[in-house]
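Residues or ranges marked as ATP binding site in Swiss-Prot: 126, 127, 128, 129, 130, 131, 132.
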């Protein structure tokens with residue numbers, strides 16, 4: 001490491017100049033990879049391990065990181081610190097080796113907190129909408145010439161990366177409540193989009209514990225910091241009196257400090273007015289569909305307005321917003337004639353939403369923007385515990401589409417739970433009489449089974465957080481043509 005690189009490190013995190021080599025266990029995850037990318041660009045030696053290559057590991061390798069596709073004790077040799085994903089168990093051989101060598105082992109949020117320590121941190125928390133809101137704040141700050149650093153849990157499509165090192169004092173980051181590690185962060189501004197029961201295993205199944213953890217997170221703000229909170233959310237409204245910090249509220253509610261009014265949607269664009277205290281009305285065109293995205297934009301505008309960013313910069317950023325990967329992600333519109341012999345087209349949209357509230361928001365956005373389309377969903381439930389805990393909510397939400405295909409539950413390391421599987425969920429939905437679900441036990445048959453339900457005027461939602469995104473990409477690459485064996489005619 002040369003003198004210039006050392007000087008650069010001292011300017012970012014003064015005491016971290018003692019650190020040379022940072023190793024990440026589970027480096028291919030979006031949150032881990034984003035932090036690794038920022039640190040690589042700051043001049044640190046980066047290494048990491050994961051089970052298989054993906055776009056995140058490819059990007060890091062292009063920046064000079066050493067990537068191992070195995071977990072072995074020798075991978076942590078010479079590391080100054082080991083950063084571990086919450087998905088990694090404590091008996092991982094690299095973790096064991098690090099402890100034996102007395103190398104510090106920390107969670108990703110602790111490293112993110114160090115990056116934030118000497119910057120003006122803006123942390124975006126909440127059950128839903130974190131990734132998109134983080135990208136919106138980052139886009140506005142970039143449009144205003146503020147050159148922020150950002151670390152996001154999803155791909156920021158305009159930048160083509162999950163994270164980027166800026167050269168200003170601003171750091172905008174997604175704050176993850178799934179393992180309560182966001183308590184390590186000490187931002188200047190915190191957004192909370194909403195609070196629902198999710199990741200309840202972290203909170204001992206106690207919703208009060210989850211709510212108190214969000215309060216504790218907000219109390220990490222300095223007394224002169226600001227909490228920006230969605231007052232439409234009933235839990236946030238309940239908690240507001242307990243937030244001992246300056247607050248700005250936003251939402252469709254009449255008493256919101258930043259109020260969304262007159263929302264309409266045309267295709268993928270939302271149009272609405274934002275009313276702000278002691279400011280001119282802001283007439284917004286947002287290049288992202290759905291009322292939920294209008295709320296995300298309102299949060300971003302609240303932060304930008306507080307920072308003194310010009311309205312013209314805000315409006316330009318929102319109108320040109322390119323979204324994030326796997327959040328109502330348009331993959332194309334394809335002719336159906338090669339697929340099933342029918343005339344017309346099918347739009348293909350990939351979406352990460354895996355909680356009933358998120359799936360409902362995606363369906364509503366699709367209905368509002370394309371009301372005449374036949375709405376077809378290929379859904380992959382994520383985790384048996386979530387399917388069990390939110391079973392009735394899933395059944396109610398999934399009844400809203402015109403045709404439903406369902407993959408088996410993506411276990412994410414969990415053991416099956418009787419009655420919380422896709423077959424049971426299909427049976428329950430079928431019993432409600434609104435839609436007749438099709439169980440797709442073999443993902444390789446997804447294209448062929450989709451072809452059976454397409455009408456010629458379709459919007460296909462590929463929905464879920466597991467490996468279903470690969471199916472979406474495969475469908476787009478084969479232009480929706482079914483994979484048939486021998487028989488080229490499929491009706």
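The backbone N, Cα and C atoms fix where each Cβ goes, glycine too.
There are 24 other Cβ atoms within 10 Å of the Cβ belonging to residue 129 (ATP binding site). A 10 Å cutoff on Cβ-Cβ distances gives residue 128 (ATP binding site) a total of 21 other Cβ atoms nearby, all chains included. In this structure, residue 128 (ATP binding site) belongs to neither helix nor strand by DSSP; it is coil. There are 26 other CB atoms within 10 A of the CB of residue 130 (ATP binding site), with all protein chains counted.
Each of 124, 133, 193, 194, 296 belongs to the same chain as 126, 127, 128, 129, 130, 131, 132, is absent from that list, and has a C-beta within 8 angstroms of the C-beta centroid marking the ATP site.
Across the binding-site residues listed here (127, 131, 132), the residue whose Cβ sits among the most other Cβ atoms within 10 Å is 132.
All protein chains considered, the CB of residue 126 (ATP binding site) has 24 other CB atoms within 10 Å.
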